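Undergrad: Just dropping this structure here.
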Amino acid sequence: MEPTAAPHPHLYLASQSPRRQELLRQIGVRFELLLADGDEDAEALEAVLLGETPDDYVQRVCALKAQAAARRRAARGLPARPILTSDTTVCLGGEILGKPADAADAHRMLRGMSGREHRVLTAVTVVTADGTPMHALSVSQVRFAVLTDVDIARYIASGEPFGKAGAYGIQGRAAAFVAHISGSYSGIMGLPLFETAALLAQAAITL
């Protein structure tokens, strides 16, 4: 008997985040990673523009990631399939909290969020196989318990804050800090599944 060929991926995922990969698998999406080359300047892509609001920022960066991924797919001569990108940012008041530069920066962010509510914004872009972009935005509110300096120091020592917007991951040890959330848990993790599934349906992707 001939072996059954593996089904084609539904889309390209232009993200190296293990959390986004896990969430896509959770809803049955088959994907192929479409990661950036070493010469692509991700830091320049994520720079905040003067006067930019957190909502505008996260949507602009997500759309730019999608444009870069589409160029990457074309340059590599890959088959035309939809592309999915996502970007998450945390904001406290009007301040955008990106990925911490170091332990001191992580401490500053966590201390600022202690006992307070902050917003987590995750933008999603799906570019269809014919190049049509579609966008969605998930906004959630998260309230932290009051954190002691010991709480913060232990969390930073775990290494978990680094590489994460707002210096924490809700799916990890920081779950113990979260007193209340309103919104999308998967969006806080990095990919809002309700909004993502709606975009995939618009792109005629059947899961």
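Backbone N, Cα and C atoms are what each Cβ position is placed from, and that goes for glycine too.
Annotation comment: Swiss-Prot describes Asp87 as active site, proton acceptor. Annotation comment: Swiss-Prot describes Arg19, Thr88, Gln171 as site 'Important for substrate specificity', evidence class sequence analysis.
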Undergrad: Including all protein chains shown, what's the count of other C-beta atoms within 10 A of the C-beta of Gln171 (site 'Important for substrate specificity')?
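TA: A count of 16.
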Undergrad: Can you tell me whether DSSP puts Thr88 (site 'Important for substrate specificity') in helix, strand or coil?
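TA: SS state of Thr88 (site 'Important for substrate specificity') = strand.
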Undergrad: Would you mind reading off the Cα separation of Arg19 (site 'Important for substrate specificity') from Gln171 (site 'Important for substrate specificity'), to the nearest angstrom?
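TA: Here the two Cα atoms lie 9 Å apart.
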Undergrad: Can you give me the Cα-Cα distance between Thr88 (site 'Important for substrate specificity') and Gln171 (site 'Important for substrate specificity') in Å, rounded to a whole number?
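TA: Approximately 14 Å lies between the Cα of Thr88 (site 'Important for substrate specificity') and that of Gln171 (site 'Important for substrate specificity').
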Undergrad: Fewest other CB within 10 angstroms, which one of the recorded positions Arg19, Asp87, Thr88?
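TA: With the recorded positions Arg19, Asp87, Thr88, fewest surrounding Cβ atoms within 10 Å: Arg19.
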Undergrad: Given Asp87 (active site, proton acceptor) and Gln171 (site 'Important for substrate specificity'), what distance in Å do their CA atoms have, once rounded to a whole number?
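TA: So the Cα of Gln171 (site 'Important for substrate specificity') lies 17 Å away from that of Asp87 (active site, proton acceptor).
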